[in-house]
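Taken from TrEMBL, the feature Mg(2+) 4 binding site covers A:39, A:53, A:84. If you look up TrEMBL, you'll see A:39, A:84, A:221 marked as Mg(2+) 3 binding site. Marked as Mg(2+) 1 binding site by TrEMBL: A:54, A:55, A:132. TrEMBL lists A:55, A:84 with the feature Mg(2+) 2 binding site. Residues annotated as substrate binding site in TrEMBL: A:62, A:272, A:314. What TrEMBL records for A:131, A:132, A:158, A:223 is ATP binding site. Residues or ranges marked as Mg(2+) 5 binding site in TrEMBL: A:224. TrEMBL lists A:37-150 with the feature domain 'PurM-like N-terminal'. Positions annotated as domain 'PurM-like C-terminal' by TrEMBL: A:163-303.
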């Protein structure tokens, strides 16, 4: 093969390709109970264990100052990390926060961010353990959060789904994407509650440990869209995920008044919802408050009423 | 007081001022064994406990691509986080890595970065547990690392120094700053070993647990300069740190050939050295390989041969 004319950049590869380049070489040791590739890692700590996950937010990519206050960003960065701990069946106990910001950043923004962070963490009993502050080039602001947690039951991986299992979720579908759609259209007043959910998601964290105790066989939180995230369970478990259109219909319908034709895409591929998606051995095991969306079968990929669904959802680098 | 004419920005306040604005409000809970303000936090995990710290590196602020390869950056981000765990008396067991990079970033750079990360972690038995990838605006690249660790002895805080203690360090002084100085002068060939230390510091991590077992009363790693970091121990402990010029002289002398008059500033205020600085109850308690630099007295601040030293070292936001 001829060498490429220009060096390959991140814009030329998908996030998954890049992860595949990085993951095989990562060092491990005897303390690692769960390594890379799940919602969180788990590390032995003497006689105990800690769940650990990290997630970043970048100005202009993950939020815009016109649409989100500092307080919103503070709340959102808590939500997305705590949801990852919940998706293993765990409870978050502490957070580390890194703020990298350009010198022209207003102190008032940092105070507003801290207010949201403190409120979101405090409401669910999570401690802020510390962090790091660093300056950035003009125009740049980003947050990196690490959440630490624990679980009283064995963790729920993405890889445990088997044919015959039932697919269900706790929380909402497509609300964050619908809220973003309204902001992009300039019509946030059509459904302020959807816009509020986009800016300040609040996932059903407490349902993570509930699902684990009820015997969930696989679980994750909806970060990048239902089809894409369900595809991750299907791939990790070596199964086919079969969505039932009739079960999804009420959730599409609920968004139709606000975003019309886009409602279906919001439900199937909308990211940043942070609801919990899990598989259970049978309908009887599905906890109260969870919504059944389909079943697990033999094969691969995600199908909706028998039709294979492709990709969708968010990729950080794909052009 | 009249309101300010323009909103206050991060350029108008010091890092310490900003931290003081943020810290008092942070939520805590019963799991927090060590909270914000030390080298790491410590969180209870069932019957065990985990040390946790986070540190970021930003292109153009913490490294330049002309001077540091991806591999250098990968090694350095491991070193600075592992040094923080060591400074509590702990051993690092796992790392979480977040890479936020502009789409024009070369895949080859990411591979080089991963190589350095994997090598530095692997050499000291540290696992890479996972992380996060995110895209950034053009020209932006940054790394955020969280290190998790454990300790078999009680952690060593910054606040335990008392009058009569002896001040000592393990590792080197001013080498990173001298290496940076040579890069800035365009004469790296004058002392390639100093430039190498700047780009790929390798602190005396294993001396952290040694110092803890020998009864160190306070400890931290040299991130922001000897005077500034020693001032942190002095402030946290409510004591005066008394440096002995004769004890520092050999370390200044060792850099004089390479950087001339700047050698003294490198030793006193050079950052990113990541050597361990500690106080011990008496000279007999100072472990082998540690260098005594002075004593702890009554009062406040840092003095050198009786003369009060002011500030110096690195502040992220100060104009």
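Glycine is treated like the rest: Cβ placed from N, Cα and C.
In TrEMBL, annotation is done automatically, which means it is predicted and not curated.
Fair warning: this is a prediction, and the values are worked out from it, not measured in the lab.
Locations of recorded TrEMBL features on the structure.
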residue: A:53; record: Mg(2+) 4 binding site; Cβ within 10 Å: 30
residue: A:55; record: Mg(2+) 1 binding site; Cβ within 10 Å: 24
residue: A:62; record: substrate binding site; Cβ within 10 Å: 20
residue: A:84; record: Mg(2+) 4 binding site; Cβ within 10 Å: 29
residue: A:131; record: ATP binding site; Cβ within 10 Å: 26
residue: A:132; record: Mg(2+) 1 binding site; Cβ within 10 Å: 21
residue: A:158; record: ATP binding site; Cβ within 10 Å: 23
residue: A:221; record: Mg(2+) 3 binding site; Cβ within 10 Å: 30
residue: A:223; record: ATP binding site; Cβ within 10 Å: 21
residue: A:272; record: substrate binding site; Cβ within 10 Å: 22
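Mapped onto DSSP classes, the domain 'PurM-like N-terminal' (A:37-150) shows 34 helix, 49 strand, 31 coil. Spacing of residue A:158 (ATP binding site) relative to residue A:132 (Mg(2+) 1 binding site) is 31 Å (Cα to Cα, whole number).
Looking at residue A:132 (Mg(2+) 1 binding site) and residue A:53 (Mg(2+) 4 binding site), their Cα atoms lie 17 Å from each other. For chain B, the nearby binding-site residues by a Cβ gap under 8 A, listed in sequence order, are A:54, A:55, A:131, A:132, drawn from A:54, A:55, A:131, A:132, A:221, A:224. Within 8 Å of the Cβ centroid of the Mg(2+) 4 site, not counting the listed residues A:39, A:53, A:84, the chain contributes A:38, A:40, A:51, A:55, A:81, A:83, A:85, A:87, A:88, A:147, A:221.
Distance between Cα atoms for residue A:54 (Mg(2+) 1 binding site) and residue A:84 (Mg(2+) 4 binding site): 9 Å, as a whole number.
Mapped onto DSSP helix, strand and coil, the domain 'PurM-like C-terminal' (A:163-303) counts 69 helix, 27 strand, 45 coil. Of all the binding-site residues listed here (A:55, A:62, A:131, A:272), A:55 has the Cα closest to the Cα of residue A:84 (Mg(2+) 4 binding site).
For the binding-site residues A:53, A:55, A:62, a Cα-Cα cutoff of 10 angstroms around residue A:223 (ATP binding site) retains nothing. For residue A:131 (ATP binding site) paired with residue A:221 (Mg(2+) 3 binding site), the C-alpha to C-alpha distance reads 25 Å.
When the binding-site residues A:39, A:224 are scored by other C-beta atoms within 10 Å, A:39 scores highest. Among the binding-site residues listed here, namely A:39, A:53, A:55, A:62, A:39 has its C-alpha nearest to that of residue A:221 (Mg(2+) 3 binding site). Note on proximity: among A:39, A:53, A:55, A:224, the binding-site residues of the record, the Cα nearest residue A:272 (substrate binding site) is that of A:224. A distance of 19 Å separates the Cα atom of residue A:39 (Mg(2+) 4 binding site) from that of residue A:62 (substrate binding site). Mean predicted confidence for the domain 'PurM-like N-terminal' (A:37-150): the pLDDT average there is 95.
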